[in-house]
Amino acid sequence: MTIPTKKLDYWSQKGATQAPKNLREKIEKVLTANESKIKRKNQLDIYLQGSYRNNTNIFGSSDVDIVVQSNATFFSNISKLEAYERKIYNQTFDEATYTWRYFKNDVIKTLQYAFGSSNVEIGNKSIKIFTEDYEADVIPCFEHRNYLSFGNSEEDREYIPGIKFFTTDKGESIINYPKKHYVFGVDKNERTNNYYKPTIRIFKNIKKQLIKQKRITKKVVSSYFIESLLYNVPDRYFCIDNASNRVADILNWLTKNQDSFSTFICQNEQMNLFGSSQEQWNEEDADKFIFEINKFWNEW
C-alpha cells in the first residue's frame, strides 16, 4: 500500500501566511521605535526566514523564525583573498565598537519592554517570544561577508552575504545564508513546474506523523534539513503530476543514494549538508528518517 494521492495533495498545501507576516511587522515596529534600546536602528534588516519565508510551511505550524540583522557592522571571512587584497581590506575597515553581544542585549531589553519579560525566553540560538497565536524565534545577527575579492573600489569587491551569530551556552559561532537558501529554493521550484515546494510540505507532514507516532523525535530532522535533503534530488523526479508517483520516485532515489550523503549540499549551496558543525546534519539521523518514511509509506 501507499499513501493515497488525495492525502498527499492535502499535505502539499500551504499553511497560513498572513499572521506570521503581521507578527514580523509588529516586531519590526517595536525594534525600530523611539523607545528601542538598539543603536543605529535605522540600519536594521528584519525579515522572515525558514518555512514561512520559503513558502514551505504546513498547517499547524506555529514557530515563526524572524531574523533581526544589524548592518551597522559585519563579520567577514577573508581567507580566500590574496595577500595584497587582505592588505587593502585591513586598511579600509576599522575595528567595530558595537559588538554582537551588545546588540543582542539591546534586542532582548527592547523585546522584554514591549512584550513583557514573562513572554520573552532566551534560548541557545534565538530569543523566543510567546504570543497568543504564534511563537516567534528571533535571531539577532550581523551580516557575514564571505569575501571572494577585494579591491580599492566597491566595484572590485565581491562577497557572498550571509548571517552570523553565537550560541548562548558555549558561544559557538553559527554562519548561515538564509537569503541564498530562499533564492535557490525559488529557482528549483520554477525548474520543477512548481512541484518542489509542495513536495517539501508532503515530507514535512510525514515527519509530523512520524513524531506523533513516536517513531522519531524532533531532534532527528529539522525542516531546514528536509529542504536541503530534497534539494539534492535531481529536478526530473519532481516533474511528475501524480503526487504518489512523485513521492515514491523521490523516496526510492534517496534510499538508493544514501551512500552518497557526503556529497550532498545545503540549499544555500555554501556548505555540505552533512558534517559536525552546528549548521549541519548527521548521516545517522538522516538514515533513520529515510528508513522510517519508507516503513510509514509501506505500512499505510
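Any Cβ shown, glycine's included, is placed from N, Cα and C.
The annotation Mg(2+) binding site is assigned in Swiss-Prot to D63, D65, D137 on the grounds of similarity to another entry. If you take the C-beta of D65 (Mg(2+) binding site) and look for same-chain residues 6 or more apart in sequence within under 8 angstroms, you find L48, Q49, G50, S51, Y52, R53, S126, A136, D137, I139.
Around the Cβ of D137 (Mg(2+) binding site), the number of neighbouring Cβ atoms within 10 Å comes to 18.
Other residues of the same chain near the Mg(2+) site, with their Cβ within 8 Å of the Cβ centroid of D63, D65, D137, are G50, V64, I66, S126, K128, E135, A136.
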